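Novice: Encoded as structure tokens, here's the structure I'll be asking about.
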Amino acid sequence: MADDKDVLRDVWFGRIPTCFLLNQDEVTEREAEPYYLLLPRVSYLTLVTDKVKKHFHKVIRTEDAEEMWFEYEGTPLKWHYPIGVLFDLHASNTVLPWSITVHFKNFPDRDLLHCPSHSVIEAHFMSSIKEADALKHKSQVVNDMQKKDHKQLWMGLQNDKFDQFWAMNRKLMEYPTEDGGFRFIPFRIYQTMSDRPFIQKQYRPVSPEGNVHTLGDLMKAMYPVALSNEGEPKRFQVVIHGIEPLLETPLQWLSEHLSHPDNFLHICVIPVPSD
């Protein structure tokens, strides 16, 4: 892969200043102070909030504390989506710090998956990596790895170790030069306006005629509504990691450099903010 290590580093170390507030309906023994954290965009809420749980457990009775879950302006936040995706999808036009409400009861079973332990997050993360490699290399790379290699990917994410993670993830980003890219690009397109969780289909980085596919080509094929016609006012932003990449950017480059640690390119389509 192209050695644009600074881009990989910037993506990995992206942070969102966040204020966690206890839901007002929770019964507390004394007033609950808010808790502030810089959340890593590439991680998962339930992986980085042990300190939040500990902080609020001090003020609520143990018997009242059920499974912790999070909500932003009435929307339960899906822990199995990367933090950056949740922010871009629901809060990208909010004033920072991002204000998240913490709950310890009335878990919304219909909206959220339960997450009783870090091993559940690890299983979800590894299944995403395997799914991505099935698309990219027919699973050949991930199947050639040993169990300790899989563990190194997970520990790199869990402990926020960029070098440890990328020493192994590099292998998942390689491809034969003559192929011009991966077999298919692992991507998911999210929109707030849809009941569908996301769009995910097979899409190649290069056309049968040998033309390089771009982000604009992908959007035109998968979600043309996101693009404005010439002369029309722009209605939507196409956002990856909080930025709007140029629509002319080659998909293969984006997949190598702006994928999340789960090896998927997570793309959010959000309405242009009205002034």
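Think of each number as a place in line: the chain as shown, counted from 1.
Using the three backbone atoms N, Cα and C, a Cβ is placed for every residue, glycine included.
The domain 'Autophagy protein ATG5 UblA' annotation in TrEMBL covers 11-104. The feature domain 'Autophagy protein ATG5 alpha-helical bundle region' is assigned by TrEMBL to 120-174. Positions annotated as domain 'Autophagy protein ATG5 UblB' by TrEMBL: 185-269.
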Novice: For the domain 'Autophagy protein ATG5 alpha-helical bundle region' (120-174), what is the mean per-residue pLDDT, to the nearest integer?
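Specialist: The average pLDDT of the model in the domain 'Autophagy protein ATG5 alpha-helical bundle region' (120-174) works out to 95.
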Novice: For a three-state summary based on DSSP, what are the helix, strand and coil counts in the domain 'Autophagy protein ATG5 alpha-helical bundle region' (120-174)?
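Specialist: Counts, helix then strand then coil: 46 helix, 0 strand, 9 coil.
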